[in-house]
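K.L.:
Structure in structure tokens, see below.
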Amino acid sequence: MAEWDASLDHVIPSSLLPPFWAKFLVGFASLMCFARSYDGDFVFDDSEAIVNNKVAGVVGRADLLGALFFLLSFLGYCKAFRETNKEGTHSTFWVLLSILLGAVAMLCKEQGITVLGLNAIFDILVIGKLNVLEIVRKLLRKDRSLESPGMLRTGGLLFRMTLLALGGAGVLYVRWKIMGTGPPVFTEVDNPASFADSVLVRAINYNYYYSLNAWLLLCPWWLCFDWSMGCIPLIKSVGDWRVIALAALWFCLIGLICQALCSEDSHKRRILTLGLGFLIIPFLPASNLFFRVGFVVAERVLYLPSAGYCMLLTFGFAALSKHTKKKKLIAALILGILFLNTLRCVVRSGEWRSEDHLFRSALSVCPLNAKVHYNVGKNLADKGNQTAAIRYYREAVRLNPKYVHAMNNLGNILKERNELQEAEELLSLAVQIQPDFAAAWMNLGIVQNSLKRFQAAEQSYRTAIKHRRKYPDCYYNLGRLYADLNRHVDALNAWRNATVLKPEHSLAWNNMIILLDNTGNLAQAEAVGREALELIPNDHSLMFSLANVLGKSQKYKESEALFLKAIKAHPNTASYHGNLAVLYHRWGHLDLAKKHYEISLRLDPTASGTKENYGLLRRKLEQMQKKNV
């Protein structure tokens with residue numbers, strides 16, 4: 001066993017440092033690289049994956065978890081050979097556990113299943129010591145003795161390959177049963193090369209994408225959260241200078257593969273095979289070879305291949321140091337690369353601290369990417385800087401004239417600025433480009449309602465609901481339209497639909513209470529108000545609306561309690577104090593009424609109704625004083 005363990009350590013050498021110090025060094029280096037962002041905001045797709053995700057936020061760590069179980073699966077497969085006392089044999093338990101860990105890796109991230117392929121290559125070429133050069137030579141000599149003693153010494157290899165194949169097929173079957181057979185639907189802006197008519201254009205661009213990924217491993221200076229939407233223009237002819245990158249990539253890859261398969265040095269063959277296996281095999285699902293993927297370049301898919309890159313780089317420096325006397329220069333070069341990459345990690349980690357830093361960092365890398373401008377604009381709009389947001393949204397639409405989400409957001413801002421004609425044009429164009437864009441239909445309805453085009457607005461709302469049946473906000477806006485048209489029953493039905501779909505929809509509840517109050521249906525308004533407060537007990541606006549209804553029903557004590565709770569939640573809302581003053585005025589608590597009228601007028605001196613009521617109260621108090629005198 002000791003001989004076999006030493007042989008395997010020759011392929012996957014253990015750390016030169018004691019285990020504790022090796023772990024400490026790796027952990028400390030990781031902390032140094034990423035400490036800047038540990039308390040950063042949730043940014044970009046973290047909002048959907050973590051913040052707004054009700055199933056589990058751990059989905060935001062899919063790549064890390066996939067890599068963890070991928071490596072555990074591979075190490076488990078290595079353990080299968082360490083656990084035996086005889087070379088060429090294995091522990092079936094560890095092989096099965098490796099397959100199980102590979103399945104878990106795939107459940108975390110689809111590319112996790114490629115560990116089974118890596119294990120197979122590792123078994124055949126590294127453990128089995130298959131010598132491709134020797135086989136080729138025998139084929140050329142027409143030697144019938146093609147059996148490789150190192151590989152087929154026992155039937156163990158065939159058994160392990162069968163287990164891996166069956167395990168992979170079983171995992172894929174389970175995935176098919178859970179997810180179905182249909183691939184995700186992607187658009188041309190997600191992956192332009194995959195929609196090219198010419199096979200040659202597709203092939204050239206796919207290979208250019210591979211070279212870009214290789215460059216990101218070598219020099220990770222151009223980093224961007226999104227590489228779609230024109231970030232990388234298509235190569236449409238072989239005259240494009242960028243084809244040089246393809247040639248350089250394949251020159252290096254072919255050279256490494258030839259050395260890995262045909263070198264006379266068995267140790268060199270095995271190290272290069274393992275490095276290339278880690279580099280290439282986990283990348284295959286992102287290569288567009290088997291199915292269309294939804295991105296041009298995605299830095300996350302390089303997480304696992306970077307392990308292979310590090311192996312190859314380390315082996316290359318080790319080989320170089322053997323053939324030169326300038327070992328200090330080699331050491332300085334290695335330390336320089338480590339320092340530069342650590343510095344880049346620190347800088348990039350800082351860029352992920354907030355959406356503002358992240359999105360703006362992409363402008364210099366991908367200035368032609370409409371999504372980058374869109375996200376910068378959205379971030380500015382969320383902060384209230386509408387003028388700057390409009391500029392970025394317009395640039396996003398200019399770069400991608402079919403970018404319906406940018407049109408929708410730009411239309412919304414223009415609507416809020418009362419630039420209704422241009423807002424209607426943008427939103428109409430958005431739904432023309434994407435007829436099932438429910439949000440754009442709803443926003444178009446809001447603009448048309450503001451333009452007093454009620455019939456068109458109703459049709460837009462109905463179309464939005466047709467494309468998204470569970471759309472409480474659209475029902476709410478439809479109810480507002482009906483209320484403007486004095487179609488009270490239809491308005492109440494629309495708002496009721498909104499609250500059924502979204503029980504915490506405060507605005508819909510409030511509008512129902514107010515409409516019923518204004519139409520004299522106080523008992524029904526009270527019932528709706530109580531129902532709403534049971535569902536949203538801390539909503540101060542609902543307390544205020546129900547308090548108004550109870551006051552009109554002469555339930556002064558209960559009304560007072562709700563007014564006071566609303567004021568406690570929002571003490572600087574003038575209308576809350578003003579309406580409580582009206583309640584005290586009706587109730588006969590004139591001093592309290594005077595107090596809250598005065599507070600209300602301090603908060604909002606322009607409130608004409610409060611001024612008038614306060615004037616009436618003062619005259620009444622003056623008359624009472626005269627009578628007392």
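Cβ from N, Cα, C; glycine included.
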K.L.:
In TrEMBL, which of the ranges 157-176, 217-236 has the transmembrane segment annotation?
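P.N.:
It is 157-176 that TrEMBL describes as transmembrane segment.
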K.L.:
When you scan the chain for residues with a C-beta under 8 Å from the transmembrane segment (113-136), skipping those not six or more beyond its ends, what do you find?
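P.N.:
Distal contacts: 8, 11, 70, 73-74, 77-78, 81, 98-99, 101-103, 105-106, 146, 148, 150-152, 157, 160-161, 164, 167-168, 171-172, 260-264, 266, 269-270, 273-274, 277-278, 281-282, 284-285.
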K.L.:
Over the repeat 'TPR' (574-607), work out the mean pLDDT and round it to an integer.
P.N.:
93
K.L.:
In terms of Cβ proximity under 8 Å, which residues at least six beyond the ends of the transmembrane segment (274-295) contact it?
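P.N.:
Here the qualifying positions are 11-12, 70, 110-111, 114-115, 117-118, 121-122, 126, 183-184, 186, 190-191, 193-194, 202, 206, 209-210, 213, 227-228, 256-257, 260, 301-302, 304-305, 307-309, 311-312, 315.
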K.L.:
Which residues, given as numbers and ranges, are at least 6 beyond the ends of the transmembrane segment (20-38) yet have a Cβ under 8 Å from it?
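P.N.:
Non-local partners: 342, 345-346, 349-350, 352-353.
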K.L.:
Mind checking which residues reach the repeat 'TPR' (574-607)? Cβ under 8 Å, same chain, six or more beyond either end.
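P.N.:
Hits for the repeat 'TPR' (574-607): 540, 544, 547-548, 551, 556, 559-560, 563-564, 566-567, 613-614, 616-618, 620-621, 624.
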K.L.:
So which residues does the transmembrane segment (243-262) touch in its own chain, when a touch means Cβ under 8 Å and the partner is 6 or more beyond its ends?
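P.N.:
For the transmembrane segment (243-262), the sequence-distant neighbours (Cβ-Cβ under 8 Å, at least 6 residues beyond its ends) are 125, 132-133, 136, 204, 207-208, 210-212, 214-215, 235, 268-269, 272-273, 276, 312.
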K.L.:
Can you work out which residues elsewhere in the same chain, 6+ from the ends of the transmembrane segment (157-176), have a Cβ less than 8 Å from its Cβ atoms?
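P.N.:
For the transmembrane segment (157-176), the sequence-distant neighbours (Cβ-Cβ under 8 Å, at least 6 residues beyond its ends) are 90, 92, 95-96, 99, 102-103, 106, 110, 113, 116-117, 119-120, 123-124, 128, 151.
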